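Engineer: Sharing a structure below in structure tokens format, with a few things to ask.
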Amino acid sequence: MGSITRMEDEELEMGVEWSSEAVLYVNGVRRVLPDGLAHLTLLQYLRDMGLTGTKLGCGEGGCGACTVMASFYDQDAGKSMHYAINACLAPLYSVEGMHIITVEGIGDSKFGLHPIQESLVKAHGSQCGFCTPGFIMSMYALLRSNKQPPSEEQIEESLAGNLCRCTGYRSIIDAFRVFAKTDNSLYCNASPAASKDGSIICPSTGKPCSCGEATVKSEKTKQISYNEIDGNKYHEKELIFPPELVLRTPLPLKLKGFGGIKWYRPLSLQHVLNLRKFYPSAKLVIGNSEVGIETKFKNAQYNALISVTHVPELNVLNVREDGIEIGSSVRLTRLEQTLKKVAEEREAHETSSCRAILGQLKWFAGTQIRNVASVGGNICTASPISDLNPLWMATGAKFQIIDCKGNVRSVPATEFFLGYRKVDLRQDEILLSVFLPWTRHFEFVKEFKQAHRREDDIALVNAGMRVYLKEIDGGDWVISDMSLVYGGVAAVPLSASKTVKLLSGKTWDEKSMLEALDLLKDDVVISDDAPGGMVEFRRSLTLSFFFKFYMWVQHEMSQKGLLKNGLSRHDLSSIEPYSRPPSSGSQNYEVSQLGTAVGLPKPHLSANLQVTGAAEYTDDIPTPPNTLHAALVLSKLPHARIVAIDDSAAKSSPGFAGLFLASDVPASNAIGPIARDEEVFASKVVTCVGQVIGVIVADTHENAKAAASKINITYEELPAILSIREAIQAGSFHPNSDRCMQKGDVEKCFGSSLCDRIIEGEVQVGSQEHFYMEPNCSLVWTVDSGNEVHMISSTQSPQKHQDCVARVLGLPSSKVVCKTKRIGGGFGGKETRSAFFAAAASVAAYHLKRPVKIVLDRDVDMAITGHRHSFLGKYKVGFTNEGKILALDLELYNNAGNSFDLSQSVLERGMFMSENVYDIPNMRVRGKVCFTNFPSNTAFRGFGAPQGNLIAENWIQRIAMELQKSPEEIRELNFHGEGYETHYGQLIEHFTLKQVWEELKTSCDFARMRQEAASFNNQNRWRKRGVAMIPTKFGISFTSSHLNQAGALVQVYTDGTVLVTHGGVEMGQGLHTKVAQIAASCFNIPLSSVFISETSTDKVPNASPTAASASSDMYGAAVLDACEQIVARMQPVASRNKHGSFAELARMCHFERIDLSAHGFYITPGIHFDFKVGKGVPFNYFTYGAAFAEVEIDTLTGDFYTRSADVVIDLGRSLNPAIDIGQIEGAFVQGMGWIALEELKWGDSSHKWIKPGNLFTCGPGTYKIPSVNDIPLKFKVSILKGVGNPKAIHSSKAVGEPPFFLAACVLFAIKDAIIAARANSGHNEWFPLDNPVTPERIRMACLDMFTEKFVDTDFRPKLSI
């Protein structure tokens, strides 16, 4: 208390009148923030006040679901400024004096949508809808912050910090593209513009429209202004910046929060220094982008936070004659704007450093982070992978440091970083500013960075390089001064001092460059056990970056006419920067309308609610006043015996309400979707990290987590199995999981003379995280003191929740109700695993008779809920010299994890699909399910089929290399045809693949693209292009026969509206929309007259999970059955009486006591399979598709991008082509993530720098799904025309899973490019390439003089399987 009192006295002596009056405007409404909320984020505050359109997706600023617009009045500029921020990271008091606009504040369904919202609806840019508000607000902030409409490039860049898992982004970009105009007249005319020939001009592109007879509505093309106070026009619905905030003078703030935390906002440097004196351990915060992560994920605690956003001395940005002075509080966005202006206005030779920093800022985090993150925060965090710190060092920047007495000292950036996250700042000092000197004539600075994902990703290795050259007699140029600084290779940015010393005074030529490369290898040392792994790759990048730097300087000098010889065309490719033009897409389909709605490209039924933030997800539902919040107590070891549990500290934790363990389970602790081989709470032994041992409930989510962290568990550690190979070696398989399917006689074929060649090999198939945008969530409460239990859950299978909770609590299923309104993505991840968390919460709710809500944090969700199964395939293939496949012997192993879950079925589908589309006369497939000490893996889009397909395409590609033919030629030669009998005994009917394949070849002009890629590769040494075409066949049906059934309830009301309830769950795939279209067409009524509210176990019992791509088929047919029953009942009344409307007919039927409610039911016919003999008909029909991709890779870094992708797929007669196109694009981009970006890294023998059994990649900071920047530049999707499907409703076909594997064309296009690169080094042999083909795998496969210094030619980067 003494120090606190002393501080308060000192504050009075300073003459500072600290205020606790905090004012904030939210959507135009004034809010006074009470004291005591310093621990809250803006997101928590907004959601607590009912503005739930702003979502919690990750809690670390990595997904953009929480994006809002913050506006403040800039006194210097004399206008309000608008920018997008992550509400999940912004401390509540940091936005004091600002106007926060959320998605609810710009438009709603009742009073009208904002043009941005309307455009997204019409472009079908919302599927599950969870990410939609974030995208809307990013775009809105961009428009409000620009005086002129933004360019298409700016629009795409503004979305870098927003992730979507459903759409594939193309539709979102198209929706927003209309706000970037190329010709003002197109947007000012009341009617659409026309070209000379009379065709419609598209406002997006300024080119003739290709949308046929579609008209461009005038309201989409009228000019709209989005500017603010300085005399600009507003849209009629736009919220203005509050006048009070324009006139209001900021006050120094002193506020407090939970746990004694203090929040200060000083207004002068002296105030900051005094606070620093009395709070030496206080954190200075601006954007909170680092401190927020530390407090949330690293349990860091600070007694005081000092917000320095309003300190003028720290916000200086002065352009001087000798350089730029940059205040430590300057935000990165402002720095970027200033540097761009400086680079335009000053001599080019002075701004080489500026351009290098700009180049690095382009790929620095997302827009929302750059808008709040500061220069000083990034420096003082001292991250080993900071993108800017190597550049500050290389450019000769100096840091100005001030102490509490006002003394200023200057420290060179090269001397500032002392150790891991340690800097040359005493406790009484702060960073005042950075001084960046201008560069001189013949001084060159260049930035380098390589990450997993190009956009919004941390660096694996980065660098800042500078050289100052002087001309000597004879025209040679010598190195007068030089800096080579690397990040991501050591605990601090590392200067290659030995190399610099070697080069100093030497001629700038190839000889010196080669000498430097030899020394760099030993000068920049990365230890074998370095955190982050990928050691060989990171080592190679240090050489690649220097080589690129040398070549870049050579080119710059030659461009200035200072060197006789410039770079050759071959070598010029080493320095060509990645420049992404705006992406484009085209969709080709026919509309086959049936009735009033079926076949029409209608928007998603919930789209209007989603774009306005009004669509409710489980976490958005208002909770009862006495609701408790749950947090799980999780195992920290992969395999151990529980010796003791100490809960004493937890029980004294604030808000604690109860701890429940295995002994507290009312009935059965044994659960599981098939085998009851799991426990709600581990009782004696844990078999993976993250296994649930207990559940704690408290008054808030934060208090529950805090209490759970205080549980102390004593373990007796046991041996753990942490990979498929370890499981095989130990014979660790789940019981009775062996499977075998065969056709012909493989042994006889191999032993005969028919096979000209036989190859053997292995294929490793990587895993994948679902990364649904909405984390798992359930709200459970009891009724009648526990006689009944009700729950609302984010699940694909309410029935499994019902069954699991009933079993655990000992209640009959009839007394347990589970409801699901909608879920924010599932992809299989919420089919079975979500039920376990509902069961855990139900135990607490049952005992305490209080509602319990459980929401998993993103890192916990990713770590414990399971993933796509990794596979290991061992193949032996016999074939002729022409390429005809004669025999395949295949062994498949999948990594089930610590329980059976659905792993057997996943393996079986992998075995079914292991032939893909190929005619193989002799085939044997054997499979086993491996038990490992990881969290149980589970269903994921494709359900084993993509893994089986990928293994097949690997040996197809190897056959092609063996025979020196193209893989496409081998594929075509071996396509099976109509009537072909598969290795599991099913005859192929209605085989349309050849038609699909030929259409794709024509559409992508494959022969020309192959030739152009070869020509490009001949001309470029360091960049290569590759092309590939891939086919797929996906069987539609659950392979467990009993699941192929569906029920529905249809009710017609006397006003002519229809309520439909069915057993399927809407998770963004448009199931409810398609089902409603079926009902509308059957009744011949408008789609708007049909409503689907929710999925509930008390309306439709015993429903199968919404999975296997079969839901539209099954639930559509069940609804049609119910509708037809009602139509048949209404028919006699209709024939006897004239009626002007369906409502009138419904009233007539009601008066005649006709039952207007019907239960519909559907059974998929003909499904059966006998695993004892390995034969049967497991599928109702097949969906066929094919895809083409062209990619370009940087062989020196492994960076790549997809230049174009073309997809053709047979969907019969689409129920809704717009929704189906969205599913195709979303599946393809998600598939691109699996094959090229998304790598799960576990603590195993391949990753010893991670704790055993722990998941390292458990959030968007370390696990990278595709972003806007990763989609194909040209993305074309076509639905095959003129074909039907007699096996499904209205001749349609299922679409959810089949397109996923088609993204493998990107993998094989990359491999095609790598083959070209290896050929330049004389390597023409076959090589394995595992997925995901990350930059590491691409670069290390491109063998050259740099990689050979670190690895052998058979090097294979490590992969967790």
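One-based numbering along the chain as shown.
Cβ coordinates come from backbone N, Cα and C, glycine included.
OK, TrEMBL features for this one:
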- 20-106: domain '2Fe-2S ferredoxin-type' (DOMAIN)
- CYS58, CYS63, CYS66, CYS88: [2Fe-2S] cluster 1 binding site (BINDING)
- CYS128, CYS131, CYS164, CYS166: [2Fe-2S] cluster 2 binding site (BINDING)
- 256-441: domain 'FAD-binding PCMH-type' (DOMAIN)
- 284-291, PHE364, 374-378, ASP387, LEU431, LYS449: FAD binding site (BINDING)
- GLN796, PHE827, ARG941, ALA1108: Mo-molybdopterin binding site (BINDING)
- GLU831, ARG909, PHE943, THR1039: substrate binding site (BINDING)
- GLU1297: active site, proton acceptor (ACT_SITE)
Engineer: Express the distance between the Cα positions of LEU431 (FAD binding site) and ARG909 (substrate binding site) as a whole number of Å.
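Structural biologist: Here the two Cα atoms lie 59 Å apart.
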Engineer: Tell me, which binding-site residues from CYS58, GLN796, PHE827 are within 10 Å of CYS166 ([2Fe-2S] cluster 2 binding site) if we use the C-alpha atoms?
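Structural biologist: Hits: PHE827.
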Engineer: Closest of the binding-site residues to PHE827 (Mo-molybdopterin binding site), Cα to Cα, picking from CYS66, CYS88, CYS128, ARG909?
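Structural biologist: Of all the candidates listed, CYS128 is nearest in space.
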Engineer: Around the Mo-molybdopterin site (GLN796, PHE827, ARG941, ALA1108), what further same-chain residues have their C-beta within 8 angstroms of the site's C-beta centre?
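Structural biologist: Surrounding the site, in chain order, are GLY826, GLY828, GLY829, GLU831, ALA939, PHE940, PHE943, THR1106, ALA1107, SER1109, GLY1296, GLU1297.
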Engineer: Pop the Cα-Cα gap between GLU831 (substrate binding site) and CYS164 ([2Fe-2S] cluster 2 binding site) into the table, whole Å please.
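Structural biologist: Taking the Cα atoms only, CYS164 ([2Fe-2S] cluster 2 binding site) lies 20 Å from GLU831 (substrate binding site).
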Engineer: When you measure from the Cβ of LEU284 (FAD binding site), which residues in the chain that are at least 6 apart have a Cβ under 8 Å away?
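Structural biologist: Result: VAL272, ARG276, ILE306, SER307, VAL308, GLY376, GLY377, CYS380, ILE430.
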Engineer: I'd like to know which of the binding-site residues CYS128, GLY287, GLU831 sit within 10 A of GLN796 (Mo-molybdopterin binding site) at the Cα level.
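Structural biologist: Close binding-site residues: GLU831.
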Engineer: How does the model score the domain '2Fe-2S ferredoxin-type' (20-106) in terms of mean pLDDT?
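Structural biologist: Within the domain '2Fe-2S ferredoxin-type' (20-106), the model's average pLDDT equals 96.
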Engineer: So among CYS63, CYS128, ARG909, all listed as binding-site residues, which is physically nearest to GLU290 (FAD binding site)? Use the C-alpha atoms.
Structural biologist: CYS63
Engineer: Can you give me the residues near the recorded substrate site, meaning same chain, not GLU831, ARG909, PHE943, THR1039 themselves, Cβ no more than 8 Å from the center of the site's Cβ atoms?
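Structural biologist: Other same-chain residues with Cβ inside the cutoff are LEU902, SER905, VAL906, GLU908, ALA939, GLY944, PHE1038, ALA1107, ALA1108.
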Engineer: Could you break down the residues of the domain '2Fe-2S ferredoxin-type' (20-106) into DSSP helix, strand and coil, giving a count for each?
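Structural biologist: Its residues fall into 14 helix, 31 strand, 42 coil.
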Engineer: How many Å separate the Cα atoms of ALA1108 (Mo-molybdopterin binding site) and GLU1297 (active site, proton acceptor)?
Structural biologist: 7
Engineer: List nothing but the one residue from GLY287, GLY377 whose Cβ has the fewest other Cβ atoms within 10 Å; the candidates are the binding-site residues.
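Structural biologist: Lowest Cβ count within 10 Å among the binding-site residues (GLY287, GLY377) is GLY377.
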Engineer: Tell me which of the recorded positions CYS66, ARG941, PHE943, GLU1297 ends up closest to CYS131 ([2Fe-2S] cluster 2 binding site) in space, Cα to Cα.
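Structural biologist: Considering only the listed recorded positions, the nearest one is CYS66.
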Engineer: Give me the non-local Cβ neighbours of GLU1297 (active site, proton acceptor): same chain, 6+ apart in sequence, Cβ-Cβ under 8 Å, ordered along the sequence.
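Structural biologist: The answer is ARG941, GLY942, PHE943, ALA945, PHE1034, ALA1108, SER1109, ALA1227.
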Engineer: Among the binding-site residues listed here (SER374, THR1039), identify the one with the smallest other-Cβ count within 10 Å.
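Structural biologist: Among the binding-site residues SER374, THR1039, the lowest count of other Cβ atoms within 10 Å belongs to THR1039.
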Engineer: Of all the binding-site residues given, namely CYS128, GLY287, ARG909, THR1039, which is spatially nearest to CYS88 ([2Fe-2S] cluster 1 binding site) at the Cα level?
Structural biologist: GLY287
Engineer: Relative to the Cβ position of GLU831 (substrate binding site), how many further Cβ atoms are located within 10 Å?
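Structural biologist: Step by step: centre on the Cβ of GLU831 (substrate binding site), count other Cβ atoms within 10 Å, giving 25.
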Engineer: When you look at GLU831, ARG909, PHE943, THR1039, which the record names as binding substrate, what is the longest CA to CA distance in angstrom?
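Structural biologist: Taking every pair of listed residues, the largest Cα separation comes to 17 Å.
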Engineer: Based on Cα distances to THR1039 (substrate binding site), point out the closest of the binding-site residues CYS58, CYS63, CYS128, SER374.
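Structural biologist: Ranked by Cα distance from THR1039 (substrate binding site), first place goes to CYS128.
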